[in-house]
Amino acid sequence: MEHSRAQYGRRGMNMGNVIGDPFALASISIAMLAWVIAFISSIVAAVQTNDLPNLAWWILALEVGIVGAVFFVIASDTIQTYHVALTAYQTLALATLSILLNRIVYDGRGAMQAASAGYVLLSVVMALWMIYFGSAPSASPRAYVDSFALQKEGHGSRNTMTYGTGRPETSTSVQPPQMYTSAQLNGFENPSPVGGISQSQAPRNSAVPNLNSTGVTANGKPPGQDQEVGPPTEYPYRAKAIYSYEANPEDANEISFSKHEILEVSDVSGRWWQARKESGDTGIAPSNYLILL
């Protein structure tokens, strides 16, 4: 499992993820400009008035860390990995900004007013980021914002845009092991349900006697049971693709689809959904490429 995660999740930073996303580019630029205004104005206010609260310096340090973290997360396409931590720090920053602004925004001196303007801009950006990073990818506001991202339409991004640590093992990609009693499995070689995981194997020459004594068939399953679990027959949900996606050629379980294509979905509880196209093709699709109708 760790090998598959490394295979899907190791990616470097790509400036195209920031430049090709209007929301990311605009919000990061405004945040950097607001921080510079607040920093310079705070220095001037501290020198001229000596009334600037010490909380301002803590906020400036916190804000530069948050802006840098947001830039890194978007550039490396690891939003799904770090969005909880980002939302927590942005909430903390917005709370402390509110306390600071309550103490300086009503000061009529020019340096304080300039500093207040910078901190107000930072507050607005923090509030927008809290909504964006705190929302699920399928949420309508976030899906609408993401629809303008040019980089997510590229071929390379379609193949590599994952959840940071790679696609988790789901029931569609890994078949669960069949449950038998110890008497039924005595003397059998138990094949691993996950490729690459070795299990202890019993001698093969003991399998024939146990087949006859327990009534288990030669395929290792009781009579009347199928060898594999088939795909679901009901697809109660409908979803619209907000990006195009090209299935990984090394994973036969994935399904390709184009932007704005309508898919039928059987289960929406996981990060990868079992879907069916209008052509009848079935497979799993990443949930952050789809929005429920």
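Any Cβ shown, glycine's included, is placed from N, Cα and C.
Swiss-Prot annotations:
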| type | residues | note |
| --- | --- | --- |
| COMPBIAS | 157-189 | compositional bias 'Polar residues' |
| COMPBIAS | 197-217 | compositional bias 'Polar residues' |
| DOMAIN | 234-293 | domain 'SH3' |
| REGION | 155-233 | region 'Disordered' |
| TOPO_DOM | 1-22 | topological domain 'Cytoplasmic' |
| TOPO_DOM | 44-54 | topological domain 'Extracellular' |
| TOPO_DOM | 76-80 | topological domain 'Cytoplasmic' |
| TOPO_DOM | 102-113 | topological domain 'Extracellular' |
| TOPO_DOM | 135-293 | topological domain 'Cytoplasmic' |
| TRANSMEM | 23-43 | transmembrane segment |
| TRANSMEM | 55-75 | transmembrane segment |
| TRANSMEM | 81-101 | transmembrane segment |
| TRANSMEM | 114-134 | transmembrane segment |
- Item | Positions whose Cβ lies under 8 angstroms from the transmembrane segment (81-101), at least six residues beyond its ends | 53, 55-56, 58-59, 62-63, 65-66, 69-70, 73, 116, 119-120, 122-123, 126-127, 129-130, 133-134, 163-165
- Per the Cβ filter (under 8 Å) with a sequence gap of at least 6 from its ends, the transmembrane segment (114-134) is approached by 23, 27, 30-31, 33-39, 41-42, 44-45, 52, 56, 59, 63, 66, 70, 79, 83, 86-87, 90-91, 93-94, 97-98, 100-101, 104-105, 107, 141-142, 145
- Message: Over the span of the domain 'SH3' (234-293), how high is the average pLDDT in this prediction?
- Response: 86
- DSSP residue counts for the topological domain 'Cytoplasmic' (76-80), split into helix, strand and coil: 2 helix, 0 strand, 3 coil
- Going along the chain, which residues at least six beyond the ends of the topological domain 'Extracellular' (44-54) come within the CB cut-off of under 8 Å? 100, 103-104, 107, 109, 111-112, 114-115
- Message: Checking distant contacts: for the topological domain 'Extracellular' (102-113), what same-chain residues at least six beyond its ends satisfy Cβ-Cβ under 8 A?
- Response: 41, 44-45, 48-49, 51-53, 55-56, 119-120
